[in-house]
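Quick look at what TrEMBL lists:
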DOMAIN    5-230  domain 'Major facilitator superfamily (MFS) profile'
TRANSMEM  44-64  transmembrane segment
TRANSMEM  71-90  transmembrane segment
TRANSMEM  96-117  transmembrane segment
TRANSMEM  129-147  transmembrane segment
TRANSMEM  159-179  transmembrane segment
C-alpha cells in the first residue's frame, strides 16, 4: 500500500519533467504554424515558469488549509486542463494561457508531492521515496524528448503537448484512492483520522502508534517554539 501511494505521488514528478522537456521539440513547429516572432516564442516558453512561481507561492497555504491530498488533486486537474487546452489551442494566446495553467500545476505539485511523500513514507525508506520523485522528473524530461523525436517526423506538435494528459489522468484518478497525510490530520487535531491512516500504511499497530506519538511531540515542539514570539 505504501509503495502504491508513493508511486502515485511521484507521478507528479513525471508530469513536471514532461512539462519542462516537451516544449523544446514542439516550439519550432508551433512557431511555423502560428507565424510568431522570437519574442512571442519566449512568452510561450516562459509562461509556464510564471505559472510555476505563482503556484509554488500559493501551494503552502493550499496544502495547509485543504490538505496534501486535495492539493495534489487540484494540481492533477490543472495538469489535465493545461495539457488538453495546449494541445487544442487555436491560437498562440490560448497556448500561452494553457502553459500558465501547466505552470500552476507544476508549482503546486513541486511543493505538495515531496511534502506528502515525506509525511506518508516510513522513516526507513523516506529518503528513497523523495529521491524517486526527483528521479521521476528526470524520467519525465527523457520521456518528453523521446516523444518529441517520435512526433517530429510528422510535425505533430499537438500530440507532443497532448502526451502529458495520459499520466495526468492517471494521477487524477489515483489521487481519489490516496489517504491524506497523517501529519496534516494531526495538525488539525484529528488524531483518530491520523491513526487510521497510519494503521493502513504501517506494518504493525505498534509502529503506527509510535509514529503518531512522534508526530504529536513534533507538533508540540513547533507550537511551543512559535510561542516565544507571542
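Every residue gets a Cβ built from N, Cα and C, even glycine.
Unlike curated records, TrEMBL annotations are generated automatically.
The shown structure was predicted, so the numbers you read here are calculated from the model rather than taken from an experiment.
The average pLDDT for the domain 'Major facilitator superfamily (MFS) profile' (5-230) in the predicted structure is 88.
By the count of Cβ pairs under 8 Å, the stretch nearest in packing to the transmembrane segment (159-179) among 44-64, 71-90, 96-117, 129-147 is 71-90. Of the candidate ranges 44-64, 71-90, 129-147, 44-64 contributes the most Cβ pairs within a distance under 8 Å of the transmembrane segment (96-117).
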